[in-house]
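Feature annotations, reproduced from TrEMBL:
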type    : residues                : note
BINDING : R38, E66, R67, K68, Y69 : substrate binding site
Amino acid sequence: GQGVDEPLSATGFRQADAAGLFLSNVKFTHVFSSDLLRAKQTAATILGKNKFCKDLEIKYDARLRERKYGVAEGRPLTDLKAMAKAAGEQCPSFTPSGGETLDEVRERARDFFEFLCQLAVELDQKEQDMHGAASRSSGRSQEEIVFPWTNHCSEAELSSDNGGTSKMLDANILVVSHGAYMRNWIGYFVSDLSCTLPANLTKSQLSSVSPNTGVSHFIIKLENGNLLKPEIRCVCLNQDSHL
């Protein structure tokens with residue numbers, strides 16, 4: 001949860017190192033992290049391994065914090081399950097006293113995602129103002145947008161409108177957050193925004209919590225800067241081959 005702001009364990013640092021090596025060839029334009037210590041340390045460790053953006057500023061945002069669990073925070077998961085059972089409910093829909101409901105967590109995720117979309121649109125407009133539309137089709141090499149998980153999905157999932165050749169990424173954003181929060185965010189993508197999912201993804205995989213440093217990759221298209229109708233495609237979900 002939010003109330004127990006513990007640092008990463010030795011295992012956590014090893015996992016963050018592995019994630020950093022896994023993502024070392026991905027050039028990010030922005031990095032956002034939860035302002036809780038374990039996420040901040042994970043983000044810093046990942047950037048420290050990156051070949052392109054070691055010095056990129058990490059922006060911390062409270063909207064990326066883990067779900068608040070109220071009276072259950074700092075206690076074993078078995079206690080939370082016992083509280084839910086006593087209330088005649090089940091996890092994860094159960095909300096302990098002083099905790100956040102799933103709808104409240106989803107509202108935080110929606111607010112942050114809309115902020116990211118606005119950021120991308122403003123970046124696109126700024127680049128057009130500075131360089132003109134013609135120069136935007138070049139300037140980034142294919143190596144800078146090669147993702148390490150391309151061998152875990154079909155070529156069709158990563159193919160672009162111009163026949164699979166190098167495409168311009170206005171924003172390539174790394175977001176470091178927490179398991180229960182991310183599950184709610186992905187639920188928002190699927191149920192509210194009709195996110196396209198990989199063909200081989202099972203229902204249980206979709207509803208499961210990501211392993212520590214699990215990587216999910218989403219491609220967002222904002223046609224003509226339309227913030228109201230983002231087109232979202234999930235390339236991979238909770239990828240953990242680096243662990």
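Indices start at 1 and increase along the chain as displayed.
The backbone N, Cα and C atoms fix where each Cβ goes, glycine too.
Taking every pair among R38, E66, R67, K68, Y69, the residues listed as contacting substrate, the largest Cα to Cα separation comes to 17 Å. Counting only same-chain residues at least 6 apart in sequence, those with a Cβ under 8 Å from the Cβ of Y69 (substrate binding site) are G1, Q2, G3, L80, P96, G99, E100. In sequence order, G1, Q2, G3, L36, R65, E73, H178, A180, Y181 are the same-chain residues whose CB sits within 8 A of the CB centroid of R38, E66, R67, K68, Y69, the residues recorded for substrate being left out. Cβ neighbours of R67 (substrate binding site) (same chain, under 8 Å, six or more residues apart in sequence): G1, Q2, G99, E100, L102, V105, H178, A180, Y181, N184. The number of other CB atoms found within 10 A of the CB of R38 (substrate binding site), across every protein chain shown, is 21.
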